[in-house]
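According to Swiss-Prot, the protein carries these features:
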type	residues	note
BINDING	ASP246, ASP257, GLU423	Mn(2+) 2 binding site
BINDING	ASP257, HIS339, GLU384, GLU423	Mn(2+) 1 binding site
Amino acid sequence: MESLASLYKNHIATLQERTRDALARFKLDALLIHSGELFNVFLDDHPYPFKVNPQFKAWVPVTQVPNCWLLVDGVNKPKLWFYLPVDYWHNVEPLPNSFWTEDVEVIALPKADGIGSLLPAARGNIGYIGPVPERALQLGIEASNINPKGVIDYLHYYRSFKTEYELACMREAQKMAVNGHRAAEEAFRSGMSEFDINIAYLTATGHRDTDVPYSNIVALNEHAAVLHYTKLDHQAPEEMRSFLLDAGAEYNGYAADLTRTWSAKSDNDYAQLVKDVNDEQLALIATMKAGVSYVDYHIQFHQRIAKLLRKHQIITDMSEEAMVENDLTGPFMPHGIGHPLGLQVHDVAGFMQDDSGTHLAAPAKYPYLRCTRILQPGMVLTIEPGIYFIESLLAPWREGQFSKHFNWQKIEALKPFGGIRIEDNVVIHENSVENMTRDLKLA
């Protein structure tokens, strides 16, 4: 494999080209990109965990250091002021010396408020991208040039097309997450609580709770019916029935986002349903290709859900077509088939149809779908179908003309298992689709 250093060199060249184009289009001289700042908890002197500006970590794999600044103009070597205070209270990261520092000019910034004297004197035509607009105003940036929508839309649109460096980082994040999923399954099989399973996951991935790209969803039994369950019970349930794990990892700022579901027993209806959802997920991925709308794949999976509901006699005496047409599949899969993935877990530009930011909303029937793009080479997306047994979504169907088609006895028997979700991360190539997750043999 080509070295990360050479891939990064090409990555920077791509970002420089995008920056030149954006600056020319919006008549700016340069962009000042801020890593961000620490913010204290209200009425406290303790800060919230630091989360870096994603537009900053697109350029440099510096994810844990606030008060850093990048100046980029698309022509000259990017200039990074790296926060390096004299501080005996807190850990201070050393000045970087890594595979990427040949391609960026790295300068120590000993005081957070010292950046003003180091920037070009003429700042009226510099754009600021960052989370602290008041800091930009203090530096003399024009208010109209603070997080300018046109520039951000342009950069966001092209972030959809990953460079080879970005794909290499995402494959490394996959490896970490796969290690975590294997450790978590083992912890589940040994009877651990959600809290302890989460610890096993973090240990295997080498992450802290604040390092993972999103809060791990570690859901035993009926908790799997809560789509974003993050409570983490300390006590294991008396009976282990099911385990849904939605958990990722991060490498150089790039995310993995995987989900697996396991049945405690291999010989019940739920275990067969898990297997069937997994098979249908793989079958859908096998059909994916560039040039097709992501929305089409979402709709196609509702047809596959209908097939499973019929096979398992959860819905009876109704055709699969009628199930989808009348949205009987909706309460069983209330979320979208997936989303773009990259520097952010729910990566940007899922609805953008061009580099001017033209927005195409999700279909009214499927409002929680997070992407309406035509798939193109370089895109990375999740494919994460599920079937759930959520009473608040099923309740409206207990009355009315379609109620008789629901096998309520079967649904009640499956509700204690919560639900099922299977999620892989795929890369769209010109003539193929790469499944980064399955390539690592995660069943």
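Cβ atoms are placed via backbone N, Cα and C, with glycine included.
Keep in mind that this is a model prediction, so the values were computed, not measured.
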About how far apart, in whole Å, are the alpha carbons (Cα) of GLU384 (Mn(2+) 1 binding site) and ASP246 (Mn(2+) 2 binding site)?
-> 10
Any further residue of that chain within 8 Å (Cβ to the Cβ centroid of ASP246, ASP257, GLU423) of the recorded Mn(2+) 2 site = ILE217, ALA247, GLY248, LEU258, THR259, THR382, GLU384, ARG421
Within 10 angstroms of the C-beta of HIS339 (Mn(2+) 1 binding site), the count of other C-beta atoms across all shown chains comes to 20
Do you know offhand how many angstrom separate ASP246 (Mn(2+) 2 binding site) and HIS339 (Mn(2+) 1 binding site) by C-alpha?
-> 14
Rounded to the nearest Å, what's the C-alpha distance separating ASP257 (Mn(2+) 2 binding site) and HIS339 (Mn(2+) 1 binding site)? Just drop the number here, would you?
-> 10
State the Cα to Cα distance, in Å, between HIS339 (Mn(2+) 1 binding site) and GLU423 (Mn(2+) 2 binding site), rounded to an integer.
-> 11
Can you count the other CB atoms that lie within 10 A of the CB of ASP246 (Mn(2+) 2 binding site)?
-> 25
So which of the binding-site residues is most packed in, judged by how many other Cβ atoms lie within 10 Å of its Cβ, out of ASP257, GLU384, GLU423?
-> ASP257
In the same chain, which residues outside the set ASP257, HIS339, GLU384, GLU423 have their CB within 8 A of the centroid of the CB atoms that define the Mn(2+) 1 site?
-> ASP246, LEU258, THR259, GLY338, LEU341, THR382, ILE383, ASP424, ASN425
